[in-house]
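Noted in TrEMBL for the protein shown:
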type	residues	note
SIGNAL	1-28	signal peptide
DOMAIN	34-109	domain 'Inhibitor I9'
DOMAIN	135-588	domain 'Peptidase S8/S53'
ACT_SITE	143	active site, charge relay system
REGION	196-224	region 'Disordered'
COMPBIAS	203-217	compositional bias 'Basic and acidic residues'
ACT_SITE	216	active site, charge relay system
DOMAIN	374-461	domain 'PA'
ACT_SITE	546	active site, charge relay system
DOMAIN	663-760	domain 'Subtilisin-like protease fibronectin type-III'
């Protein structure tokens, strides 16, 4: 029977839409995602002799088609698998299953530093005598892989691979086991999670092996522990000896990042392998936003690594200068921000009106053909509303041919903007910062003559070329300049506190060199990383907290070699309490984003100072039980603690008093809230030097009038290993929410200075 009436037609349409909606819902219900399944190892039924068999049966109980991607047994107990939401929810109800966590995608946080850090010598004496000799400390780098042919992995002078090393050199179509040696002692790749999410790896674009086709992994691992390479440079810039922080340490590469990102199932598998292989340090220049610790795969893996004596160093992120932009916030992770060094690569933009502006560039090709050329603003020679950004295909060739084009920074990569100008026929580029980047300058190896300038210079240049009827300009390149002051300054991109997950824990922990860093590079791509870049280099100069992280990873390896009995917390404490927050003039380290003195939310304890870290006098040590108490202070439930710490039946003691302020952290983050006017922190110091009497001094300044009382104010240590505790009471009147105050608490015996930053907030 036909549908003749209007009402019948409407009903048919409604039914059709309803059927379509139900079909979509059904398909959505069947959509699979990767989940990390945390199992209670101790609850394996007696009929199973192998945990893998138990995991498989547990998975089959909710899905006939799902398969295990990875089984984990070191940094966590459990497995990963592709599940529908319904299957994940059903699995979480099965015996022995503690938690089913959705996978997270992580992203990379993308020479002269040994001299800048005074690492080679102090007063003629090498403070790290083991720094240039082979050691058994292994730095595991989780990144984009490794380019084994790089001279940074030369094993000349190295003895046999450490006897306790359990790692391997995995092979692939373009990676043989012979690629490893006595320096690069391990190389693995982890792609199952990535391929489950993205499909098979396109091997025309990247290698399904440990080989680094991106450059990032080679750069970070050679920064941490690369061998010394004389005569290194990028296209003639920064010429000298390139070397890692821990020249004598061994390197193991774990490739977890691919063209489409880094996935937590692969990262956990790599952490699992790295700890089991025998790495003493894990360096991870990646991040995936913020999440509670029991939902954060890196935090979960790092807890078990810490428990086995492995220090985990992570980048803070490149989302600065906004507040609370940090990632990798767990207190058992060492979180590193970025600063500059005293080297720069100047370039100068001279306008037709005679005005001259300073910028930076790593351009090394032919100079501009003429002394001056017409200059145009991209926003005026574009066919797009965002033409000022020089996005691909947005410039009109007839309007830019043979001219210098001024582009605004933002959205697309800086080097890509230059390629866009070049493809449109432009002769050169001036890249201007906007308010988001201020006066921060990052040098790039552009494909055409180009200079980057700060916001103020950019605004002045823009005003000139928009007002002058015949604007002209030229760009001159100044090579490499050393001795830049002030240095360091905090990079604007470096992510900042406060800690959004646990405000009472100050992050970042400290800063290290992360701007314009020279280190090893891949042979697969040029220094810009663009497919159109035909150049191939052995070393590259790039910036990011990805670069500052491996500096600290390498320094941690030196400390671990010098003090093999120190825990990861003790090593971090030594790096933090000896860091500096002022220049020799006593002025505070500057923040390039504001032009003012940086705060502990920007720098944590300050800038790393290796010569002092080797002999810190006292350290703030933290045990696994201390971290468990910390989780109890956060009111974590039994399953939350089990997820983080792999303790299925752990319960907090109802009779015990817990507080985040009791955690023996080397810094103080004081939060006044809900009318609170007094906050107490307790700390315990361990003597790692000789006998001595330490006296305390405190200093605060800012919005409030906070009184700081330390009891006792004097600590007398008679022997190494002795521990003594103290309490700090912070008292304040009520202040408006958002107010801040900063300071330092310093213990000193006249020889050692054991300093802790103080950050005070009202909420």
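Every residue, even glycine, has its Cβ placed from backbone N, Cα and C.
Where the annotation comes from TrEMBL, it is an automatic prediction and has not been curated.
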Cβ-Cβ neighbours of residue 216 (active site, charge relay system) (radius 10 Å): 25
Same-chain residues near the compositional bias 'Basic and acidic residues' (203-217), Cβ under 8 Å, at least 6 residues beyond its ends: 108, 110, 141, 143-148, 169-175, 179, 187-189, 191, 253, 255, 257-259, 285, 521-522, 524-525, 529, 540, 542, 546
Residues satisfying Cβ distance under 8 Å from residue 143 (active site, charge relay system), sequence separation of at least 6: 108, 212, 216, 217, 220, 221, 253, 254, 255, 256, 257, 283, 284, 285, 286
Secondary structure tally of the region 'Disordered' (196-224) (DSSP, helix then strand then coil): 12 helix, 1 strand, 16 coil
Cβ neighbour count (within 10 Å, all chains shown) around residue 546 (active site, charge relay system): 29
